[in-house]
Structure formats: structure tokens, C-alpha cells
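Chemist: Sharing the record's features from Swiss-Prot:
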- 8-28: transmembrane segment (TRANSMEM)
- 37-57: transmembrane segment (TRANSMEM)
- 68-88: transmembrane segment (TRANSMEM)
- G78, T81: Na(+) binding site (BINDING)
- 100-120: transmembrane segment (TRANSMEM)
Amino acid sequence: MNFSKSLLLIAFGGAIGSIFRYLLQYWFGNVLGYSLPWGTLTANLLGSFLIGVVYAISDRFPLFDPQWKFLLASGFCGGFTTFSTFSYETFQMLKSGHYILFLGYICLSVVGGIGFAFAGVWMIKNF
């Protein structure tokens, strides 16, 4: 595959994923408030599920065009999920003295992300 084409697919997918994450964070912030970063958590969990789906489809169907992986996994999921925002929000919880929220958010994000990725793979492999 052409390297330049791969970069364009990743950039396009990343731009779309970033826009979706922003809209999700904006919506959750307006509906539920900002006491817990629901938008970031939801984006990271959904992105983990989607990347599991993409890689499972790629494994299950050998003719799956690798370009889709660049667009969807590296691009969309890479732009949609955000470890840096998760890290900053977690740091802010710690700095503000919200220790239980801090630990809960870390556990929910990490264990939930792995669980959602597993669920995405499991769903494709079993249906």
C-alpha cells in the first residue's frame, strides 16, 4: 500500500474521530455536567469496543482491505479515544482531593477499556 495514502486515511479518520469525541464531550457536559468526565470515558470505552471490532473483522475475514484498518483503527479510533485527556482529567481529580473518584475513574477506564475491546472481538468472533 502507498505510504502517502495510508497517512491520508489515518488523518481523515482521525479528524472525524476527534470531531465525534468533541461532540460527545460537549453533549455529556451539557446534559450531565462536568463533575465526572463522562464524554472522555464514553469515547474511550466506545473506541475500545470499535477497535476490537475492527481487528476481529480483519482477523476473521482475510480479504478485509488493510486500508480500512488505517482509516478506522489508527484513524477514527485514534482520534476518538484520548489517553492524554484521560490523564489530565485524572490528575485534576487527584489535585482536587477527589481520591475515590480518582481511583474509580482509573479503574473504570482501564478495566472497562480492556473489557470493551474484548467484547468487540468476542462479538465478531461469535456471530
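Cβ atoms here come from the backbone N, Cα and C positions, even for glycine.
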Chemist: Test the contact criterion for the transmembrane segment (100-120) and the transmembrane segment (8-28): 3 or more CB pairs under 8 Å, pairs 6 or more apart in sequence, then answer yes or no.
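Modeler: No, the stretches stay apart by this measure.
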Chemist: Please indicate, using numbers and ranges, the residues of the same chain that are 6 or more beyond the transmembrane segment (8-28) and have a C-beta under 8 Å from a C-beta there.
Modeler: 37-40, 42-43, 47, 67, 70-72, 74-82
Chemist: Go through the chain and flag residues at least 6 beyond the ends of the transmembrane segment (68-88) whose CB is under 8 A from any CB in it; none is fine as an answer.
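Modeler: Distant Cβ neighbours of the transmembrane segment (68-88) are 6, 9-18, 20-21, 37, 40, 43-44, 46-48, 50-51, 54-55, 58, 109.
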Chemist: Enumerate same-chain residues with a sequence separation of six or more from G78 (Na(+) binding site) and a Cβ-Cβ distance below 8 A; give 'none' if the list is empty.
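Modeler: Result: I10, G13, G14, G17.
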Chemist: Return the residues near T81 (Na(+) binding site) by Cβ distance under 8 Å, restricted to its own chain and a separation of at least 6 in sequence.
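Modeler: Looking at Cβ-Cβ distances below 8 Å from T81 (Na(+) binding site), excluding near sequence neighbours, one finds G17, R21, A43, N44, G47, S48, I51.
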